[in-house]
Structures are given as C-alpha cells and as structure tokens.
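Swiss-Prot has this to say about the protein:
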type	residues	note
BINDING	K33, T190, D191	ATP binding site
BINDING	S73, D158, N170	substrate binding site
Amino acid sequence: MSETIADELGSVPQSVVEAAREDAANAKRVVVKAGTNSLTDEESNLDDDKLDKLVDDIADLLERDKDVLLVSSGAVGAGIGRVGYGSRTVEESQALSTVGQSHLMRRYTESFERYDRKVAQILLTQQDLENPERFTNFCNTVETLLEWDIVPIINENDAVATQEIRIGDNDMLSSSVAVGVDADLLVTLTDVDAVYTGNPKEDPDAERIEAVGENYDQIQGLVEESSSSDFGGIRTKVEGARNVSEYGIPAIIAGSAEPDVLQQIATGKSVGTLFVPINGETDD
C-alpha cells in the first residue's frame, strides 16, 4: 500500500489520541469559537439557520451540565449585511462592527431563549488580555456569569481597537480565553470540517488529519506552504489549538455544519482534527 501524505506527516500514538478524546468528551468547561463563515451567508448577511444550529449544538453541552463560553466572530459581516455595503477604511470597518455586534447579540438572545438560557456580551481588546488586573477582572466576571448559568459571548471590541491594541484574530482570542479561564477543551468551528493535507475545496485528494501532537511542525509547515487564501485561513486556527495544547488543554478544529458536532465531541466520536497536549499526555 502506498504511503499517503497524512502518513508522511507522522501520526500520534492511538493511545494518546484516545486518551485526549476521552478528556475532550469529559470536559467540564468548554470554550467554543465560531468563525464568521460559520454564521453568515455568501452575501455576509447573518444566517439565522447557521446561528440557530450553533445554539442547538451548545445547548446540548449545557444539558450535559458543562460550562460553555462562546467566542463569536461575525460582527463586521453582520454589519455589512445590515448596512448594505462593505468597508473601505478602518473607520468604516469599526462602525460596521457596532451595527453588526448589536444585531448578532439580539439574535443570540432570541436563539438561546428557545432553551430558556440567558447570554451576556463581553468585548475585549489586547490590553484586557495583557494587563493582569484587567484580565483578572474579566475572569472573575466570567466565573460569576457561569455560576448564574449565563452563557458568556465574547468578541474583540472592534469599535475601539486601534492597530496597536488589536488582538487581530478571534482564533488567538479564544486561545487566550481558554487558558485564562482554565478551560478543559477548546473547540474551533469553521466552514472546513477538519485540518487537511490540502485545501479540500479545491483538492479532491486532500486527506483529513485526525490528530496533531508531536507532528505539529510538519502540519504547520504544510499549512504555511499553501498558496490558497481559503486554506491559509486555517493557519491561525492551528496556531490557537497548538497554544492551548501547550497548557495541557485538548483542542478540536471541526466543521460548524457537521450534524450534532458538539454532541459528537461530547460522546467521544472522532470528529474534526484533535490537538493533543504536545507532551503526549492529557491534562489531569
């Protein structure tokens, strides 16, 4: 049998994969990150069906008595859909985010109300992550919200974030949040259902990578070598997953359109790409 690209990248020992997958299934505190493409349609309008599916998936975790924090993109995209045109300047992008963020939160509020759940909005900048006192205040607020069974919905505060204080990417924001709140699992939902050896939208021979661990450098090299902007967009997701794995937290990159995707993770199914702690051990 000929060796595939996935084989050449090296594999994670199955015992390590199974242990990390079990830890992911048993995670008590989960950070879920949803990207813009997981929430909007091709015209950048907020897609009600996509948002409701995300909430349905999160509600399943809540019913399993898990704490869930949602890091949600989509504000600028939702703003474009509401206003009717895109941004040409930083100021326009920031203004669109304010329009879109309010619309996004209104829809989240409505959708979670179907499950008699309340939500709270938290907007952050890089300064909030870097300043110990401010980050501690953020974590304390999150703890209180979770004690009240309220779902924190987190996004970057685009309206006030200048280039110097921008986090720049919600993949990195979700990684920082997961570490800061002592999460047991980070799930990044995207419009591609896993990390592949190529862009699955363009390459029919692209293979799903089941797990990433000690083979991270090869995976990172593969992603960075890609010339496709669509596939290249997964780079920060891979980096964010790697970051939390350094703290003993399993991470999964999976498709937002996958049926019952969070339920599959919570029941130990093999879905998406699993990032195990890089020391090859799962967190105790």
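From the backbone N, Cα and C atoms, a Cβ is placed for every residue, glycine too.
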Inquiry  = Between the Cα atoms of T190 (ATP binding site) and S73 (substrate binding site), what distance do you get, rounded to the nearest Å?
reply    = 11
Task = Do me a favour and check the Cα-Cα span between S73 (substrate binding site) and K33 (ATP binding site); whole Å is fine.
result = 8
Neighbour count (Cβ, 10 Å) for T190 (ATP binding site) = 23
Note = Whole-number Å distance separating the Cα atoms of K33 (ATP binding site) and N170 (substrate binding site) is 8
Task = Could you measure the widest C-alpha to C-alpha distance across K33, T190, D191, the residues recorded as binding ATP, and give it to a whole number of angstrom?
result = 12
Remark   = Whole-Å Cα distance, D158 (substrate binding site) to D191 (ATP binding site), is 23
Key: Cβ-centroid neighbours of substrate site S73, D158, N170, 8 Å, sequence order   = T36, S72, G74, A75, V76, S97, N155, E156, D169, L173
Message = Helix, strand or coil for D158 (substrate binding site)? Use DSSP.
response = coil
